[in-house]
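**Q** Below is a structure I'd like to ask you about.
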Amino acid sequence: MTALLAPTADALLQLDPTQVANGVNNVWILVVCFLIFFMQPGFALLESGQVRAKNVGNVLMKNMTDWVLGVLVFFAIGSAFSALVGQLTTPGVALDIAGAWGYVNDPSAYIGWFFGAVFAMTAATIVSGAVAERMNFRAYVFVAAAMVAIIYPAMPGIAWGGTGLLSGDGYLGQAIGAGYLDFAGATIVHMCGGVAGLVGAKMVGPRSGRYDSSGNSQPIPGHSMLLAVLGTLFLAFGWYGFNVGTQATVLSVTDSGVAFQGGALGQVVMNTTLGMGAGGVAAMLVSSAWQGKPDPLWAANGLLAGLVAVTGAVPHVTWWGGVILGGLAGALVLPTFRWVVDSLKIDDVCGVFAVHGMAGAVGTILIPVFGVTASGGYTFLGVNQLIMQVAGVLVVGTWTVLASIVAFKIADVLFGLRVSEAEEEAGLDESEHGVSVYPEFTAGGSRDSPAVSADGGRDLRTDGGAATDPAVDASAADDGGETDE
């Protein structure tokens, strides 16, 4: 056996360390991209659980469209637009239009493009949860395309890749004397999606019945806590790819050979995990104080808010800084949601602004306060850095608000933003797609031609019967338990 292994060991020793490191790092990026893609079913489950049964099919259709249409639009427009924005907002960098689309025929650039694509699809999918249960599907498709073509791509263009307005070499970065810190997209991805969702929810208007005649909010419960919590855990799993994957260098080349970047990876893993935990615990405590009992859905949203808050901070803050950032975001998620719904009168169905917008802003602004040294100690990252963090959040928020208003307005002119009152009452599964995700939730009709219940099916059956109309049930009981089909 030793003799058989010897040639292999000798061959490995002869390999160029740079080639080894590049190969491992590229495989690592691909693996984490697959993990990030797994966030898509997480978003689908999370939103599906928070809507009524009559709208689940519409949620699933939007989620699939975000991906299948999004990757095509990002390939054709979004990725190049991001590069152009970076060039235009950096002093001394020439505009290179052909170079911006250079990835199209360059296989060596495809892995990097794919990494950017999974981030873009995440930002686009966040919007869906805010406008659920009443937005015209065609209008949503237009907005989703705009998100991955223009609205989101401008964000990495101004902040990532060493160029752009917020980078150290950008116009604003040079003026302030610091580059913007947002490691994996707390604001670049999540706040962008959360703010766009808030704008959309405002422009589409609230669901029928969300507010009474006095303007007081009325609860419209989702149909499945199970799906919402499972979706949350799927997202948390994919988030390790989102955060840890952004630490793209697993192996680096030194004078002595190849070095494993275990410390950098460990820092990101630890802060991701602790921020998640602190966010969930804080939300449980706040929901207990607010509502008298710990709420599973708010615990789930707090967990996600904690993840969002540390997404931009994971390599830049101490472990206890990660705990504080995650816990602060988790504690604020319920009050922020209530402020949006009750004070602003915006029907943000899944609380995307509270979970993604607020948490992304808070976590990113406070990075300098909890800075970490190379040896793991504490340091304040400086007043200039704090000013840049505030400025960066304002830039991201302002761009997203303005661009989203334009996108939703164009969609309104072209298609109309929302379905009719009758279509909303029937449910978007039936009115927009002609399907029923839960055929047993029917009122009238037959097994061959079910009529979807307007309320998603409130009358529960335990006998597996097809009818949920009380009048039909009573008639069946009079006939010995059989229904006429």
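Every residue gets a Cβ built from N, Cα and C, even glycine.
Checked TrEMBL, it gives:
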- 27-438: domain 'Ammonium transporter AmtB-like' (DOMAIN)
- 27-46: transmembrane segment (TRANSMEM)
- 67-90: transmembrane segment (TRANSMEM)
- 110-132: transmembrane segment (TRANSMEM)
- 139-160: transmembrane segment (TRANSMEM)
- 180-201: transmembrane segment (TRANSMEM)
- 222-242: transmembrane segment (TRANSMEM)
- 262-285: transmembrane segment (TRANSMEM)
- 297-314: transmembrane segment (TRANSMEM)
- 320-341: transmembrane segment (TRANSMEM)
- 353-374: transmembrane segment (TRANSMEM)
- 386-408: transmembrane segment (TRANSMEM)
- 428-485: region 'Disordered' (REGION)
- 466-478: compositional bias 'Low complexity' (COMPBIAS)
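Tell me about the setting of these features in this model.
**A** Nonlocal intrachain contacts for the transmembrane segment (67-90), taken as residues 6+ away from its ends with a CB within less than 8 angstroms of a stretch CB, comprise 40, 96-97, 99-101, 103-104, 113, 116-117, 120-121, 124-125, 141, 144-145, 147-150, 152-154, 156-158, 161, 163-165, 167, 169-171.
Only residues 6 or more beyond the boundaries of the transmembrane segment (110-132), in the same chain, are considered here, and those with a CB under 8 A from a CB of the stretch are 26, 29-30, 32-33, 36-37, 39-40, 43, 46-47, 50-51, 55, 58-59, 62-63, 66-67, 70-71, 74-75, 78-79, 82, 103, 140, 143-144, 147-148, 152-153, 155-156, 185, 189-190, 192-194, 196-198, 200-201, 204, 242, 245, 248, 348-353, 356.
Tertiary proximity for the transmembrane segment (180-201) is limited to same-chain residues at least six positions away from its ends with a CB under 8 Å from its CB atoms, namely 119, 122-131, 135, 143, 147, 151-152, 155-156, 159-160, 166-167, 173, 242-243, 245-246, 268, 308-316, 340, 346-349, 352-361, 363-364, 367-368, 381, 385, 388-389, 391-393, 396-397, 400-401, 403-405, 408.
Counting only same-chain residues 6+ beyond the ends of the transmembrane segment (222-242), those with a CB under 8 A from a CB of the stretch are 31-39, 41-53, 56, 119, 122, 184-185, 269, 272, 276, 296-297, 300-301, 303-304, 307, 311, 456.
With a threshold of 8 Å between CB atoms, the same-chain residues lying at least 6 positions outside the transmembrane segment (297-314) that come near it are 46, 50, 181-190, 222, 225, 228-229, 232, 235-236, 239, 242-243, 267-268, 271-272, 274-284, 286-287, 321-322, 325-334, 337, 351, 354-356, 358-360, 362-364, 366-367, 370.
Non-local neighbours of the transmembrane segment (353-374) in the same chain are 126, 130, 181-182, 186-187, 190-191, 193-195, 197-198, 267, 279, 301, 304-306, 308-313, 315-318, 320-322, 324-326, 328-329, 332-334, 336-337, 340, 346, 380-382, 385-386, 389-390, 392-393, 397; each lies 6+ residues outside the stretch with a CB under 8 Å from one of its CB atoms.
For the transmembrane segment (386-408), the residues of the chain that approach it from at least six positions outside its boundaries are 139, 142-143, 146-147, 150-151, 154-155, 158-159, 165-166, 172-173, 176, 178-182, 187-188, 191-192, 195-196, 199-200, 203-204, 361, 364-369, 417, judged by C-beta separation under 8 angstroms.
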**Q** Over the domain 'Ammonium transporter AmtB-like' (27-438), what is the model's average pLDDT?
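**A** Residues in the domain 'Ammonium transporter AmtB-like' (27-438) carry a mean pLDDT of 97 in this prediction.
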